[in-house]
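Enquirer: Pasting a structure here, questions to come.
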């Protein structure tokens, strides 16, 4: 029988000092034999996805105490990628993932906590906490802050739905008036919660359901809806049950590595492909798998991408549907149900509810004649009132969207595309692969060939696009923006948004060793590996080189000979210390970022630390 980790600090005469300190936090005699459960919150007033979390940690803590545990809350940092976008702040976004994972490990291990509830929401916070959960392998349950309501405004006498990306695109479009731009800015992000489309934050929160580490509705139930309060309350009760299963019954199936197995990771990427999730999820899933010693690689993602159709299309790939519409259609369980019926899931995997995936689908899939309770749960809709408060409204859709032929979520037979929403491409431009969100690519440019226009930084790319340097038919190359070269692997939301603003969204491609916001769409290919700073061929491309992209064939190539590539490589290596570095890029890189870059791997490895440099 495993001993409570916390016994190290709560038991024995020699721990009198530690117990004295625990008593100063509010613990009493009867508490020292109970599991100490960390409530890992991520409240901050900087991020709309986290601004409403301040009191929710204590909501969970009260439920933990009522269920027989001892709750202790701490906070992690949280970076808002949208606010950090387009300037030096974005260099810090991806590195914050590692910092979050480390900070959770530090707090949990320093204080010998027995289990944890992770209250996450936005882009790097959920993956950072997931990395920590797999690293620590103690009982855990995730509950996110929930998605934002979609924005709505009236333009040209028509009510339109919109989000953050629309504000960015319209702001750079000279044909949009100042008045309309201001109206969009004021309406795009109306409530607390993670941005309303299938961007990175919501994609990751949805994937926690597929991994088995959160409850149904975690990824889709609106932050503002009263129903979400129950997810937090039940998380408090369930974590005590999980802790008791492990520490009192020696049940290792309560641990995250027993739940988030290789089969669960395959289910998660199947879901990601089916729902057209953010390309960042690939980066994060690879990193999370490595933390849990799960054998899951780009090859697995490539294999799954060739089998799984796209069953759901949400903003930014369409403005018709946002996360509130996904929930109305049955949420993530509904997509998993369609994947299961298509024979594309491992349904014997378990979850934090103690159910198999098959049992979960049977109970919660709205397509299977569910209970009135389940129907009511998925009828939760937007309130339409700007607010920063959680659980502030109880509005409901008059009916569920169970149209699997033309609705938000579809069957395999009625899929938006039989070729899924993500694809792995490889060739001499990206020997170790790269990622494209095919859900956001117009059919007319699934095959594309054009001359390269090379930029050594995102800043130069933005200036070049807005300055008219990029023409229809060009392939924009943005390099030295990878994990090591940036450092920090910046998101390229501004370049992709400005291509649209300039009317080039469907007639140009953009390729980078950086990454893309979940809000990006178009022929945007990222995560090129190896990155330029690691000696990747993307660093050898010259202006005018013909670039060939073939998504159906999964290829991406520089149309020059191997001999020419070898000549260019030799010339690069001859530069000595200046080799594989950007030319004439002015960028301040802090000591903290340089330390991150020194250990960072390329995107095909999840941009995690290079363990070989640490003697492993």
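Residue numbers in this text run from 1 along the chain shown.
Just so it is clear, glycine is given a Cβ too, placed from its N, Cα and C backbone atoms.
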Enquirer: According to Swiss-Prot, 81, 123, 124 bind Mg(2+); which of 481, 491, 531, 564 is also listed for that site?
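Expert: For Mg(2+), Swiss-Prot names 81, 123, 124; of 481, 491, 531, 564, the listed one is 491.
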Enquirer: How many other Cβ atoms are found within 10 Å of the Cβ atom of residue 81 (Mg(2+) binding site), counting all protein chains shown?
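Expert: Result for residue 81 (Mg(2+) binding site): 28 neighbouring Cβ atoms inside 10 Å.
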Enquirer: Express the distance between the Cα positions of residue 195 ([2Fe-2S] cluster binding site) and residue 123 (Mg(2+) binding site) as a whole number of Å.
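Expert: A Cα-Cα distance of 10 Å.
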Enquirer: Sort out for me which one of 122, 195 has the most neighbouring CB atoms within 10 A, since those are the binding-site residues we care about.
Expert: 195
Enquirer: List, in sequence order, the residues of the same chain other than 81, 123, 124, 491 whose Cβ lies within 8 Å of the centroid of the Cβ atoms of the recorded Mg(2+) site.
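Expert: These residues sit around the Mg(2+) site: 79, 84, 90, 93, 94, 122, 200, 201, 280, 517.
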